[in-house]
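What TrEMBL annotates here:
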BINDING   Gly10, Ile11, Gly12, Lys13, Ser14, Thr15, Lys39, Asn180, Arg181  ATP binding site
BINDING   Ser14  Mg(2+) binding site
BINDING   Cys95, Cys129  [4Fe-4S] cluster binding site
Amino acid sequence: MKIAVYGKGGIGKSTTSCNISIALARRGEKVLQIGCDPKHDSTFTLTGFLIPTIIDTLQSKDYHYEDIWSEDVIHKGYGGVDCVEAGGPPAGAGCGGYVVGETVKLLKELNAFYEYDIILFDVLGDVVCGGFAAPLNYADYCVIITDNGFDALFAANRITASIREKARTHPLRLAGLVGNRTSKRDLINKYVEACPMPVIEVLPLIEDIRISRVKGKTLFEMVGSEPSLNYVCEYYLDIADQILSQPEGIVPKEIPDRELFSLLSDLYLNPIDEGKHQNNKENLLGFTTI
């Protein structure tokens, strides 16, 4: 099974991806996580350091695939999760989709691409061009990471459009949304009511999820010294269980931009009471400047 994880830049995709990868490994799956970001930090919380990228390794070998070994590009992470970083083209030049394609090509050359039960692609930022959507060419399912804010849901809607387009030619389905670090879900609920899709899980608003990224550790590793975090790991295990159930998934249909603006601003512009108004104002703070 191949899973592509998407979401707004900075929403916590890599932290979520790493913890889902560990959860899948805890369920007995052989897992490979592929970071698809020029920052090559997707797997940082699994390995504790920035591993060499595939594109840098290829360049150092003058693209002689026969001179590259699995151990040059596949690194063992916490919990037995294997890790790969695709890297990216030079700033302002090239295409991220090309790098993803080269990564898959090399893994196939190494007979590694089909050795795993689960391959998880952690994809950078918003989908703004075909290159960013390249991992969807290989995925069975897409999981969208969001929060309860306008910008994240706007990005989720763009990703939804990309999934719909790719599903025309690929056996791709949306598994659902994962809400990351949010204490409210009113905007999420309103969005999925207008654009029907599953909500897999909503992770609680706890600082330790963010801190785990800074520490270079997954929540599962932090539990060793902080047992009180064990309940958070259960959220990721639940996500893993839902993925492993091989859900039917959906081919979603995005909402037109203007309708989305109107939909998500409604709670802000037409508050039900003062308490709800204040919370929605905070959630939609970025919207007031548009």
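Here the Cβ of each residue, glycine as well, is placed from N, Cα and C on the backbone.
Because TrEMBL annotations are produced automatically, they should be read as predictions rather than curated entries.
From a predicted model like this one, the values you see are computed outputs, not experimental measurements.
Ranked by Cβ neighbours within 10 A across all protein chains shown, the binding-site residues Lys39, Arg181 are led by Arg181. In terms of local Cβ density within 10 Å, Cys95 ranks first among the binding-site residues Cys95, Cys129. Note on the binding-site residues Gly10, Gly12: the fewest other CB atoms within 10 A surround the CB of Gly10.
For Cys95 ([4Fe-4S] cluster binding site), the nearest of the binding-site residues Gly12, Ser14, Lys39, Arg181 in terms of C-alpha separation is Lys39. The Cβ of Ser14 (ATP binding site) has 24 neighbouring Cβ atoms from other residues within 10 Å, across all protein chains displayed. Cα-Cα distance from Ser14 (ATP binding site) to Cys129 ([4Fe-4S] cluster binding site): 20 Å (rounded to the nearest whole number). Cys129 ([4Fe-4S] cluster binding site) and Gly12 (ATP binding site) are 21 Å apart (CA-CA, integer value). Lys39 (ATP binding site) and Cys129 ([4Fe-4S] cluster binding site) have their C-alpha atoms 18 Å apart, to the nearest angstrom.
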